[in-house]
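Record features (TrEMBL):
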type: BINDING; residues: Q126, C127, Q128, P274, Y275, G276, G277, M278, E279, R560, M561, K562; note: peptide binding site
type: BINDING; residues: H303, H307, E326; note: Zn(2+) binding site
type: ACT_SITE; residues: E304; note: active site, proton acceptor
type: ACT_SITE; residues: Y391; note: active site, proton donor
type: DOMAIN; residues: 467-605; note: domain 'Peptidase M1 leukotriene A4 hydrolase/aminopeptidase C-terminal'
Amino acid sequence: MAPVDPHSFTESTQPATTHIALTLYFDFPSSTIHASALFTLQTPHSGPFFLDTRSLTIHSALHADQAIPFSLSATSDPIKGTLLTLTLSNHSSFILTFSTSPSSSALQWLLPPQTCNKTHPYVYTQCQAIHARSIFPSHDTPARRIRYSAILNIPSELSAVMAANHVTRRPPRDDDAPALASLNLNWCSQDRVVEEFVMEQPVPPYLFAFAVGQLGNREVGPRTRVYAEEGSAVLDSAAKEFEGTEEMIREGEKLFGEYDWERFDLLVLPPSFPYGGMENPKMVFLTPTVIKGDGSGAQVVAHELAHSWTGNLITNKTNEHFWLNEGFTTYAERRIVEAVQGEKRATLNVGIGWRGLNEEVERFKDNLEFTKLKNNQQGIDPDDVYSQVPYEKGFQFLFRIERQVGRSAFDEFLKKYIAKFKFQSIDTDTFLDFLKENIPGIEKQIDLVLWTEGTGIPSDAYEPELIVYKTIVSLANEAATGRMPGEDEVADWQGQEWELYLDNLPKSIEASQIVALDSRHKLSESKDYEVKVSFLQRAILCGCKEYYGEVEKTLKAVGRMKYLRPLYTALVKGSEEDKVFAKRVFSEARECYHPIAQSVVVSIFSKHM
Ligand code: BES
Ligand code: ZN
């Protein structure tokens, strides 16, 4: 018996699932999905067969109408969830029927008032890192890849999108879901419709994704449509913000090889979406906060697009090798940004990332394990240790190799790496072996073990040298002597420049300077949440109470964890009054956050209170 992943019950000795045919009935009034799933196994199996579940009720397990014995573990693991054991007798397929629960961690159910158009409900998924198991039983580890088909039965005034090919929208049929018959659903009722999808490429379960709501779309390129709630202003502004997407796809193809996923659609979610973006294949999910009207949202799209190669084609085998997904993608994102927006924009990103990396290493000073690229996550919830380290240290490592071998040799290496491992899930050693094989002697030039297994930031990491970067950092440092930037100095600053400036302000800065900065440059009211949150975090740390109204508004308006984390953390580390304030705001805002964001805030509270 050998588990393949510390975050899954999946056993290496049991066969993989090659295909799952899902039938999903969405019951909005009870925030529940009633479902069946036909599993196809790679080889027939006899004896115990393990699947991951969380918050699921299992109704039956069948093969050709014969019941298969099954049981759910009596207790749940706080991280892995509940083990489902089937006892198979030379079976190579079986059907499970099951229901999700309103607390399923992957799903956020929004009532009409929580949506933009206020008239229809909405539900969407976020499966990374280990939440797919709260929608359907699965080998929920990136070490295993599956193909799937899905039939979604939804209210007919709504529509569904998936990270898969759309096959058809049609009236429900009696014979769609025989396995669900015993649940007495109104499958064929007049006011229901069926949407069918297929995913023909094998993907890790964390890339399973759908959204159901009143959706509209706009065409923005030959393989790209933007989707958002119908009738909301978001649709038009998103279409404008993302008009350069096709150009980025072409740059990506030049750098990393053909785009293998046919379509590259974008779904802009309600403001509670817990991430900036999620690389769901064929249909990237995005927070509406990336739409700023200045095209800068394209950087997040560049990142999620880059995952089409690094992450979705080549996947980390477990979350202990997460840097293979995010470090490569951060590197790839910056190459795309450099190609379409120029070196200055890409360098500012490197600079913001550099500051972020240094802060994260400081944050983990009592838990250095998570400053390593390859780390041990036994007994660790990946959502709790999410940080910039895999992104920025991973980027730094790859950039170090690029600097050593030169850009064109590294580009050639990257193309070869992607071609070699596509549609596979790999670990850090597999990457290092391939690197050493293809760039002989590299281990003598770069300390590969230090980079991948060492803690902190190696001394041969790179802080940007470009003058735009240095000017902003030294301006920020000068705040220690009371000097604030003048109008002329910031005249052409965009969000990124402000973010870099704010992130580099010395800790010693005084409350009066924060207030002066804001009255001159109106940062607390910025439409750009990166700037606004960076400013508000400073304001909390300096005890500037006049901004708490804005802090509360922000915490209630968006559910992106990149903003919730620093604001709640700054508050709970503050005075007794700050803690009470944080608790009150959370109790009022909580309902509007995705379950993943709710538990991250709970864990911030439990660490500091
Ligand atoms: N795959 C991540 C989001 C993620 C990571 C979800 C881990 C769940 C667990 C996505 O590609 C990402 O990195 N998003 C960033 C975008 C940014 C780096 C441009 C985000 O959400 O901030
Ligand atoms: Zn990413």
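Glycine residues also receive a Cβ, built from the backbone N, Cα and C atoms like all the rest.
Small disclaimer: the values here were computed from a predicted structure and weren't measured.
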Note = If you count the other CB atoms within 10 A of the CB of Y275 (peptide binding site), including all protein chains displayed, you should get 22
Query = Given the binding-site residues Q126, Q128, and counting only Cβ atoms in the protein chains shown, which has the most within 10 Å of its Cβ?
reply = Q128
Message = Using a 6 Å cut-off on Cβ distance, which of the recorded positions Q128, Y275, G277, E304, E326 come close to any atom of ligand 2?
response = E326
Request  = Compute the C-alpha separation of E326 (Zn(2+) binding site) from Y391 (active site, proton donor), stating it in Å without decimals.
outcome  = 5
Inquiry  = What are the sequence-distant neighbours of H307 (Zn(2+) binding site), meaning same chain, six or more residues apart, C-beta distance under 8 angstroms?
reply    = E279, N325, T329
Query = Within the set Q126, Y275, M561, which binding-site residues show a CB-to-ligand 1 distance under 6 A?
reply = Y275
Request  = Restricting to the domain 'Peptidase M1 leukotriene A4 hydrolase/aminopeptidase C-terminal' (467-605), report the mean pLDDT as a whole number.
outcome  = 96
In three-state DSSP terms, the structure that the residue listed as 'active site, proton donor' belongs to = helix
Key: Nearest of the binding-site residues (Q126, Q128, G277, M561) to H303 (Zn(2+) binding site), judged by Cα-Cα distance   = G277
Request  = Just give the helix, strand and coil counts over the domain 'Peptidase M1 leukotriene A4 hydrolase/aminopeptidase C-terminal' (467-605), going by DSSP.
outcome  = 106 helix, 0 strand, 33 coil
Query = Counting across all protein chains shown, how many other Cβ atoms sit within 10 Å of the Cβ of E279 (peptide binding site)?
reply = 24
Rounded to the nearest Å - Cα separation of Y391 (active site, proton donor) and E304 (active site, proton acceptor) = 13
Remark   = Simplified to three states, DSSP reports H307 (Zn(2+) binding site) as coil
Cβ-based neighbourhood (8 Å from the centroid) of the Zn(2+) site, residues H303, H307, E326 excluded = G277, E279, E304, A306, T310, G311, N325, F328, T329, T330, A332, E333, Y391
Ask   = What is the Cβ neighbour count of Y391 (active site, proton donor) at a 10 Å cut-off, with all protein chains included?
value = 25
